[in-house]
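Colleague: Quick paste of what TrEMBL says about this protein:
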| type | residues | note |
| --- | --- | --- |
| REGION | 175-203 | region 'Disordered' |
| REGION | 227-252 | region 'Disordered' |
| DOMAIN | 380-464 | domain 'DM2' |
| DOMAIN | 488-561 | domain 'SUI1' |
Amino acid sequence: RRKLRTDVAAAFPNLSAEQLAEFIPNKEELNVIKIHSHKGEAITVYMNNRNPILFEIEKALYPTVYTLWVYPDLLPAFSTWPPVLQKLAGGADLMLPGVVVPSSGFPQVERGTLCAVTLLGNRAPVAVAVATMSTAEMLAAGMKGKGFAVLHTYMDHLWEYGDKSYPPTLAPLVTDSAEKESAEDEEEMEGKEPVVSFSTDPSQHVDVGDLSLKERDSCAILMGKEELSENRGAETAEDANTEVQQEAEDSRTPQEQMDALFSQCFFHALKCKVKKSDLPLLTSTFLRSHMFSCCPAGQQLDIKKSSYKKFSKFLQCMQHQKILQVKELNKGVESIVEVDWKHPDVKAFAVPEGFSSASAAQDSKSEDREQVYRAPEIIPLYGVSTKMIPLFQESGHRKGSILSSSEVRNIIINYVKTNELIDETNKNFVKVNAILCDCLLDKSEQDEISNLKWDDLLSRCLERLQPLHQVTFFGQEPVVRKGNIEPINIAIAQRSSNKKVTIIKNLELYGLDPQCVANILQQKVQASATITPVPGTKDRVQVQIQGNQIHHLAKMLLEEYQLPRKYIQGLEKAPKLGRKK
């Protein structure tokens with residue numbers, strides 16, 4: 001105990017002598033537990049009053065969230081938005097675009113510094129992480145890339161080993177009006193996205209031997225996290241540049257200035273960037289690949305700061321003026337299908353000084369598109385089906401209620417606990433009552449199976465719910481669609497004279513412009529590429545390119561666009577490389 005107190009004092013010099021005595025008391029019982037994480041790391045956990053207070057990995061001490069709730073200022077803290085907590089608890093690290101930039105600036109930390117992660121508006125930490133770069137490096141990197149390697153979070157298995165209490169509400173030391181505004185914007189933007197509920201108790205059935213610092217699905221990737229807060233990260237850059245425009249903009253409000261900037265970039269993009277052959281053009285591609293590149297240096301487009309609030313509303317306004325026409329060619333994915341280049345407003349627009357000519361802009365268009373693509377965030381969801389209503393109505397859900405996998409898991413666990421269905425002889429098994437029997441067992445199994453393993457119980461439940469998925473494209477509202485998302489389909493077809501062609505379908509579902517992909521492939525492999533309608537559909541198109549080009553496609557989709565392999569079908573059809581002699 002004395003050695004532990006000495007080690008804690010060395011690791012956390014911010015603790016006063018009184019706090020140290022309170023933290024490691026002389027008389028209260030202190031338990032030490034040896035566990036192994038899912039990665040196989042040996043971990044020592046120190047328990048006090050039923051809660052883990054410290055964990056030790058390779059002779060380095062780390063506080064748990066229980067400890068940080070008592071001493072919230074023990075570590076330098078960085079804030080993120082509440083929806084990000086789901087990702088962290090699932091095993092992801094914290095990316096810099098997901099970090100809130102306070103007006104007072106970041107704490108000064110070095111690479112390898114132990115830090116706390118808090119949620120916006122609450123000083124109570126929800127994660128313990130190690131900084132992967134110094135504060136200066138974070139700012140120099142433009143707040144992009146991985147900022148913190150997360151070790152432990154609220155709601156992981158280590159937290160479950162305690163009393164499962166929830167984070168207290170601790171007011172920030174300094175009220176930051178900019179952060180409040182960001183929080184309000186976030187609430188509006190995330191209105192359709194499931195938010196972590198603090199009112200559920202995860203399972204207690206996990207054996208100590210299986211205890212891990214993160215969920216087993218810790219392979220989750222935070223690609224979507226860069227998209228989640230791109231607009232917020234840009235706010236600081238814009239604020240820093242407002243003085244440059246101040247003399248010319250004094251008579252207009254910031255909202256009017258942003259409206260004018262959107263109109264300028266819109267007409268500039270139509271006049272110099274978009275050709276008739278590009279249509280139909282995804283609205284998301286038009287915004288990120290065309291309008292963003294037309295934004296003057298030192299300024300940043302931010303739809304939240306305009307009077308429109310959403311890019312779709314801005315386009316509706318332009319459509320009312322009969323400048324263009326927008327249609328939803330695929331559910332939840334809008335495209336520009338027609339542009340009136342003879343409209344007086346388009347003809348009257350003059351390209352601002354300092355921009356290259358229209359032809360030069362067109363030449364660099366495909367390169368720009370490739371650089372700015374952001375993969376969508378895809379979250380599997382589940383709808384309560386008619387057959388499953390008896391199992392979910394106890395938790396207040398009805399037919400059609402939409403839930404995430406973690407919410408389904410918590411509901412099932414609470415149902416089992418409430419009805420005392422955990423097998424007394426083996427806690428890894430659950431007794432099957434009449435409702436579980438009707439909902440989860442086939443008729444042939446109902447007389448044979450009297451209990452189920454936890455994993456089997458949860459997997460059966462997910463299989464019998466209606467599959468849904470939520471897609472969030474950069475700069476757009478989340479869209480929930482029925483069924484599982486169709487993968488990008490790559491196929492090889494035989495043509496006349498025994499020639500092969502590669503056919504790629506469903507690119508639009510992932511925010512990829514088929515014409516853009518065709519142009520890039522054509523340049524890379526020096527083979528002709530065409531856009532053709534998908535047989536049997538009205539509005540769907542596919543890319544067709546000569547030869548078996550799956551190797552090039554795989555490199556583009558997996559490495560450059562960073563799409564997960566599970567969303568791409570047909571990569572196994574790549575030609576086999578000849579053996580080297």
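Glycine residues also receive a Cβ, built from the backbone N, Cα and C atoms like all the rest.
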Colleague: What counts of helix, strand and coil residues does DSSP assign across the domain 'DM2' (380-464)?
Modeller: 41 helix, 14 strand, 30 coil
Colleague: By DSSP, what is the split of the domain 'SUI1' (488-561) into helix, strand and coil residues?
Modeller: 30 helix, 24 strand, 20 coil
Colleague: Mean pLDDT over the domain 'DM2' (380-464): what is the value?
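Modeller: Reported value for the domain 'DM2' (380-464) is a mean pLDDT of 89.
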